[in-house]
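This report refers to the structure that appears directly beneath it.
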Amino acid sequence: MKLLEERILKDGHILDDNILKVDSFLTHQVDFSLMREIGKVFAEKFAATGITKVVTIEASGIAPAVFTAEALNVPMIFAKKAKNITMNEGILTAQVYSFTKQVTSTVSIAGKFLSPEDKVLIIDDFLANGQAAKGLIQIIEQAGATVQAIGIVIEKSFQDGRDLLEKAGYPVLSLARLDRFENGQVVFKEADL
């Protein structure tokens with residue numbers, strides 16, 4: 001997605017040779033017009049697959065996921081990273097390791113929001129090692145629902161997340177694919193769209 005790649009080049013910052021900071025439009029402050037365009041692109045790509053729910057993980061996946069759900073006219077569910085006293089029955093959980101934060105969290109979704117009839121589109125802000133998506137897949141499958149595809153805003157193609165997910169049989173669509181960081185600049189790999 002050319003618009004996203006241009007924004008990454010303009011406002012993204014490389015940290016430690018393997019982390020891209022995009023807090024000015026995605027991971028802290030949100031550019032809603034860009035997120036709306038991202039949502040439309042994902043919705044157009046997956047409209048024919050019968051998606052009934054969009055699922056993400058808090059926090060930075062929420063903006064692109066909610067705009068995708070809006071464009072598809074389906075509910076969006078986000079997995080919570082912290083235990084909540086109001087979520088006390090029928091909770092579906094998985095362990096997720098965060099590459100950026102270097103911690104493992106138990107993420108959860110109330111089971112009442114997913115059913116075996118659901119066809120789910122996972123949306124996330126980044127794909128690095130695939131652990132967030134893997135955890136969401138585990139939760140979705142605990143409910144008996146089906147993962148139709150995984151939509152990623154920014155993929156770090158130099159890490160093994162995509163390979164892990166595709167080998168497990170899940171289609172992955174990334175709007176921006178980072179090939180590498182070179183001389184303080186992002187070098188893109190051809191995106192899926």
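Using N, Cα and C of the backbone, Cβ positions are placed for all residues, glycine too.
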Need a hand: Swiss-Prot gives Leu20, Thr27 for xanthine, which of Lys156, Lys167, Lys189 is also on that list?
Lys156
Around the 5-phospho-alpha-D-ribose 1-diphosphate site formed by Ala128, Asn129, Gly130, Gln131, Ala132, which additional residues qualify by having Cβ within 8 Å of the site's Cβ center?
Tyr97, Phe99, Leu127, Ala133, Lys134, Gln159, Gly161, Leu164
Taking Leu20, Ala128, Ala132 as the binding-site residues to compare, which has the smallest set of other Cβ atoms within 10 Å?
Leu20
Pop the Cα-Cα gap between Lys156 (xanthine binding site) and Ala132 (5-phospho-alpha-D-ribose 1-diphosphate binding site) into the table, whole Å please.
14
Using the structure shown, find which entry in Thr27, Asn129, Gln131 (the binding-site residues) has the sparsest Cβ neighbourhood within 10 Å.
Asn129
Going by C-alpha distance, which of the binding-site residues Ala128, Asn129, Gly130, Gln131 is nearest to Leu20 (xanthine binding site)?
Ala128
